[in-house]
Structures are given as C-alpha cells and as structure tokens.
Amino acid sequence: MSNVHVSNHPLVAHKLSLLRSVDTEPKKFREVVRELAILLTYEATQDLATRQIEVQTPLAKTSGAHLEQKIGLVPILRAGLGMVEGVWELMPSSEVWHIGLYRDERTLRPVEYYNKLPLEPTVSVCLILDPMLATGGSAVATMDVLKRWGAKKIKFVGLIGAPEGIAEVQKHHPDVPIYLAAIDERLNENGYIVPGLGDAGDRQFGTA
Ligand SMILES: O=P(O)(O)OC[C@H]1O[C@H](OP(=O)(O)OP(=O)(O)O)[C@H](O)[C@@H]1O
Ligand SMILES: O=c1cc[nH]c(=O)[nH]1
Ligand SMILES: [Mg+2]
C-alpha cells in the first residue's frame, strides 16, 4: 500500500502488545498510548524542513538545524487526546487544534460536535492524531474539515488501522500519508477492529 507506513520497530511492537491486552488497566493504557504516539510521530516527521543555523558550543562554532515549519496537532476527540501530550513535549511550539467527532453506533458515520480552528490556517503541517482508523469515516471527515480550512500538508498518525479504513482514506485523500503501529485483519459487524484493542476512548478514560 503506497503512502501507508507501518512501523517495524521492536519498541513499537512491544508497546502495542501491552495496549492490546485486555488486562492493561486505564492508567497503563494511557501511558502506553502516550509513548507510542511519540514513537510514531518521530517516524512521521522525518521529512520536516530545517534551516541551517550557526551554534556556538563551549568549544567551537558549528552548524546546526532549526525546525522551519509550524506544526499543528489535530487530535480527534476523545481518543486522540491521549496522543497529544507526549507529541507536544517533543515539539513544544506546536499548536493544538481539537476536532470533536463520535461515531453514530448504528450508522458508524462520524458526527461532528466540536471544532476549534481559527479562520485561517496558522500552521504548515497538520498531524491528525487518533489511535483507531476503523471504517475511516472519522479520519476522512477530519481531513475534509482541514482541507476546507486551507491546510495544505496533512499526515495521519494512528496506532491500529483496518484495511477498510486505510482504503477509505486513500480513496478520498490519497495525498495524506498514514503512519501506524499495525494493520489488523478486519472490522467486525459493529465496526470494531479485530483483533484491535477494543474501544480506545473507553480504555483510556475508564468509561464503558
Ligand atoms: O474509522 P472510524 O470508523 O470512524 O472509527 C474510528 C473512530 O472511532 C473512535 O472514536 P469514537 O467514535 O469511539 O469516539 P470516542 O473517541 O469519543 O470514544 C476512534 O477514536 C476514531 O475516532
Ligand atoms: O476498534 C475500534 C474501532 C473504532 N474505535 C475504537 O475505539 N476501536
Ligand atoms: Mg470510542
């Protein structure tokens, strides 16, 4: 699949197994979501532009790099919230733009209930953060909103994707690269990823 990047790092594989386990309680689950978000963002930001700068070390002058692009972190509420803090620490000058969507349980279509974007885009790269890419409806709706807003460069950073969701994103937004820890087998009749990890929002926030 082009434009889909699945990490093959052993740390990612180890941590993802912790997330999948039904025995992992919310506190540990949140910690691991945070750590995986950092690791995957590291992979997703390999092509960020830098400007060459001069740095004075205690010993000599040398050349260094300064990040050029303003990054926007776009968590899809609720489950994407758990991916923000770690990534923000990695890139503290990022801006965070929240988008609230939930899946209608019957139709599985995304329902937008919150959107905090300024009139004009203030960032040059948007990283959509959401652990689960299931039918792809939520991701596509978020990409639609961001493009209408004027975002030019968008990347999706998630944890687990289903083949159906990946195909849906590629159909509507082939220009948006997808970064994941794993691609799972399928969706079940309720639109859950199998084997997956269950409901990423419920498992982080202790709801059911
Ligand atoms: O690809 P899709 O079929 O759209 O499903 C994925 C969406 O489902 C989950 O959110 P959910 O609707 O459970 O909301 P929550 O984060 O508030 O629990 C998940 O975090 C994604 O946003
Ligand atoms: O498996 C799934 C599918 C959608 N949302 C989740 O949280 N988990
Ligand atoms: Mg949920």
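Including glycine, each Cβ sits where the backbone N, Cα and C put it.
These features come from TrEMBL:
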DOMAIN    6-207  domain 'Phosphoribosyltransferase'
BINDING   R78, R103, D130, P131, M132, L133, A134, T135, G136, G137, S138, D199  5-phospho-alpha-D-ribose 1-diphosphate binding site
BINDING   I193, G198, D199, A200  uracil binding site
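Features as recorded by TrEMBL, highlighted on the structure.
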{"residue": "R78", "record": "5-phospho-alpha-D-ribose 1-diphosphate binding site", "CB count, 10 Å": "17"}
{"residue": "D130", "record": "5-phospho-alpha-D-ribose 1-diphosphate binding site", "CB count, 10 Å": "27"}
{"residue": "M132", "record": "5-phospho-alpha-D-ribose 1-diphosphate binding site", "CB count, 10 Å": "26"}
{"residue": "A134", "record": "5-phospho-alpha-D-ribose 1-diphosphate binding site", "CB count, 10 Å": "26"}
{"residue": "G136", "record": "5-phospho-alpha-D-ribose 1-diphosphate binding site", "CB count, 10 Å": "25"}
{"residue": "S138", "record": "5-phospho-alpha-D-ribose 1-diphosphate binding site", "CB count, 10 Å": "26"}
{"residue": "I193", "record": "uracil binding site", "CB count, 10 Å": "27"}
{"residue": "G198", "record": "uracil binding site", "CB count, 10 Å": "17"}
{"residue": "D199", "record": "uracil binding site", "CB count, 10 Å": "14"}
{"residue": "A200", "record": "uracil binding site", "CB count, 10 Å": "25"}
Binding-site residues close to ligand 2 - of R78, D130, M132, G136, S138, only those whose C-beta is under 6 Å away: M132
Distance-selected binding-site residues near ligand 1 (C-beta under 6 Å), from G136, S138, I193, G198: G136, S138
Cα-to-Cα gap, A134 (5-phospho-alpha-D-ribose 1-diphosphate binding site) vs I193 (uracil binding site), nearest whole Å: 6
Cα-to-Cα gap, G198 (uracil binding site) vs G136 (5-phospho-alpha-D-ribose 1-diphosphate binding site), nearest whole Å: 16
Of the binding-site residues listed as D130, M132, S138, the one whose CA lies nearest the CA of I193 (uracil binding site): M132
Beyond the site residues I193, G198, D199, A200: chain residues whose C-beta lies within 8 Å of the centroid, for uracil: A79, P131, M132, Y192, G196, L197, G201, D202, R203
Between R78 (5-phospho-alpha-D-ribose 1-diphosphate binding site) and D199 (uracil binding site), the C-alpha gap once rounded to whole angstrom: 11
Listed binding-site residues adjacent to ligand 3, that is, members of A134, S138, D199 whose C-beta is under 6 A away: D199
Inter-residue Cα distance where the pair is D199 (uracil binding site) and M132 (5-phospho-alpha-D-ribose 1-diphosphate binding site), in Å: 9
Among the 5-phospho-alpha-D-ribose 1-diphosphate-binding set R78, R103, D130, P131, M132, L133, A134, T135, G136, G137, S138, D199, as the record gives it, the longest Cα-Cα distance in Å: 17
DSSP three-state assignment (helix, strand or coil) for I193 (uracil binding site): strand
